[in-house]
């Protein structure tokens, strides 16, 4: 049995220039995940369920657990000294860490502390998403938004933690995707899936079909394609949509499938956040042999202009994403209604 800590140190030895700072940073994320895991498991017994009465910069109601997870991760990252600051879906602006080694720290972290938190009241899987970049601004100076507004190709590490029937941490540093399952009796994450790859073909599609009338024509046509009978392509595909990006992505990664959150008239740029959700998941998908686009363009090539920028998102088994892109290219004329 190999723990996450042992695995990271082992991989660090493959690089003579490694300083151990990224290893320490991942250890902080691991600690934050353990704390969130603990409190999610007793969420119905203590007063951390439901809305907080506060809205974020997008005007969305923040759940109590959103704020709890944000504060715990922020504290864990600040305490280590390897992080100059963070950007979070739950924060209006970047958070600059002061004191200690922060001004000379190499890295910045972007995160969605608790994805799918609206599901927590009904005991549905939720997750934490994180993305790590090297800072751009000079050492010894405060970081700025410039350090965070980098394309996804610049990510050093990305990953997520899914809190479900078991808690699992999945991450990549650009050398494959690896997954670790949490053993609460030992308090450690143990390697359970090494070098995870998407199956060559997929048979699941994940999209909120309740919004079908609002979708662009190409997306509607692709959904109908997924539902048609065809033995050669093993259609119809199975529809599976949890409403938690991490949970839907995780299932499709292991089983083969596509996750879609397209543009609509009410959300012409899509609804998912490019920096906190799309980029880290796109990095993981590509490292696992999958594909991630906005329907036309590679997600990781998009140069962000603002912290809370949104994007349409198509991610999963490469052939399925390419099929969806084909329908979008073939039926481009009808705008989302």
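Glycine too: its Cβ is placed from the backbone N, Cα and C atoms.
Listed by Swiss-Prot as binding substrate are 115, 116, 117, 118, 241, 271; the candidate from 41, 70, 208 that the record includes in that site is 208. Together with 112, 115, the Mg(2+) 2 site in Swiss-Prot holds one more listed residue from 231, 277, 286, 305, which is 277. Among 82, 89, 90, 91, the residue that Swiss-Prot places alongside 112, 114 at the Mg(2+) 1 binding site is 89. Each residue contributes its Cα atom, and for residue 116 (substrate binding site) and residue 89 (Mg(2+) 1 binding site) those atoms are 12 Å apart. Spanning the residues 115, 116, 117, 118, 208, 241, 271 that the record associates with binding substrate, the maximal Cα-Cα distance equals 17 Å. Between the listed binding-site residues, namely 89, 112, 115, 277, the fewest other CB atoms within 10 angstroms of a CB are found at 89.
Listed in chain order, the residues near the Mg(2+) 2 site other than 112, 115, 277 are 89, 111, 116, 127, 128, 129, 160, 245, 246, 272, 273, 276, each with its Cβ within 8 Å of the site Cβ centroid. The two recorded residues, residue 118 (substrate binding site) and residue 89 (Mg(2+) 1 binding site), have Cα atoms 15 Å apart.
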